[in-house]
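Enquirer: First the structure, then my questions, so here it is.
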Amino acid sequence: MDVKIVKDKVAGGQLAFDIIKEDITNGAKVLGLATGSTPITLYQAMIASDLDFSNMTSINLDEYVGMPFDNPQSYHQFMKDNLFNKKPFAHSYVPDGMAEDIEQAAADYEKIIAANPIDVQILGIGRNGHIGFNEPGSDLEGRTHKVQLTESTIEANKRFFEREEDVPRYAISMGIGSIMQGKKIILLAYGEDKADAIKATVEGPVTSHVPASVLQNHDDAIIIIDEAAASKLSK
Ligand SMILES: N[C@@H]1[C@@H](O)[C@H](O)[C@@H](COP(=O)(O)O)O[C@@H]1O
């Protein structure tokens, strides 16, 4: 793991952008994208750049189950608002949380990933160490599947909804095994809220209790964090 500590989230987004830009120059064609507040500064740097993504493919990590695509809280809408409306890709895939058969949608998504191997996978991290929506205890080799969100994630997400009962309880997410297939992985984390998860990810044992810790086993994983997120690291 290559840990890079930056001044703030703007510098983090810029650094991630610079890495991606170089990879695109070297032929990268498929980006794995994430939602949440963390990647927004990266998306802003992409939008502000003169890079053209219209011959590239994007594949998103996850989506809520049962949330219409045009709901402002859906990840389909989030990606449009924060990136795709300004920088369209040739193909943009987001898991189909509205499918009648979620297991089939998950299997179909794995076929999309297999046909479009991810060159650079962007990740945020949950306060409990989750990546995508792979909560603690997830299979480290899992593939795209339906997941039940933990109370901690529901609690963290409820700020986006008017009522707690509106917060979705299920999602469809790429599995940890699907994520680990990315040729390069860039995990971003900012703020003190993420410091415990980052310590466990970087310095703890590789364990399904901290899904992001599996990145220790990846050949090309870069962790970009600000000082607050780095504050509990021992070195
Ligand atoms: N499924 C997403 C994750 O992909 C994201 O990493 C996490 C952290 O969100 P934030 O970046 O807003 O802290 O939130 C959700 O759970």
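Here the Cβ of each residue, glycine as well, is placed from N, Cα and C on the backbone.
These came from TrEMBL, pasted as-is:
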| type | residues | note |
| --- | --- | --- |
| DOMAIN | 25-220 | domain 'Glucosamine/galactosamine-6-phosphate isomerase' |
| ACT_SITE | D62 | active site, proton acceptor |
| ACT_SITE | N128 | active site, for ring-opening step |
| ACT_SITE | H130 | active site, proton acceptor |
| ACT_SITE | E135 | active site, for ring-opening step |
Enquirer: Return the residues near N128 (active site, for ring-opening step), defined as same-chain residues 6+ apart in sequence whose C-beta is under 8 angstroms from its C-beta, sorted by sequence, else 'none'.
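Expert: Listed in sequence order, they are E135, P136, T150, S152, T153, A197, V210.
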Enquirer: Restricting to the same chain and to sequence separations of six or more, state which residues have a Cβ under 8 Å from that of H130 (active site, proton acceptor).
Expert: P136, S138, T150, T153, P211, A212
Enquirer: Within the set D62, N128, E135, which active-site residues show a CB-to-ligand 1 distance under 6 A?
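Expert: Listed by sequence, the hits are D62.
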Enquirer: Identify, in sequence order, the residues in the chain of D62 (active site, proton acceptor) that are 6 or more apart from it along the sequence and have a CB within less than 8 Å of its CB; answer 'none' if there are none.
Expert: T35, Y75, P95, G132, F133, A171, I172, S173, M174
Enquirer: How many other Cβ atoms sit within 10 Å of the Cβ of E135 (active site, for ring-opening step)?
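Expert: There are 21 such Cβ atoms around E135 (active site, for ring-opening step).
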Enquirer: Translate the DSSP assignment of H130 (active site, proton acceptor) into the three-state scheme.
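Expert: In the DSSP reduction, H130 (active site, proton acceptor) maps to coil.
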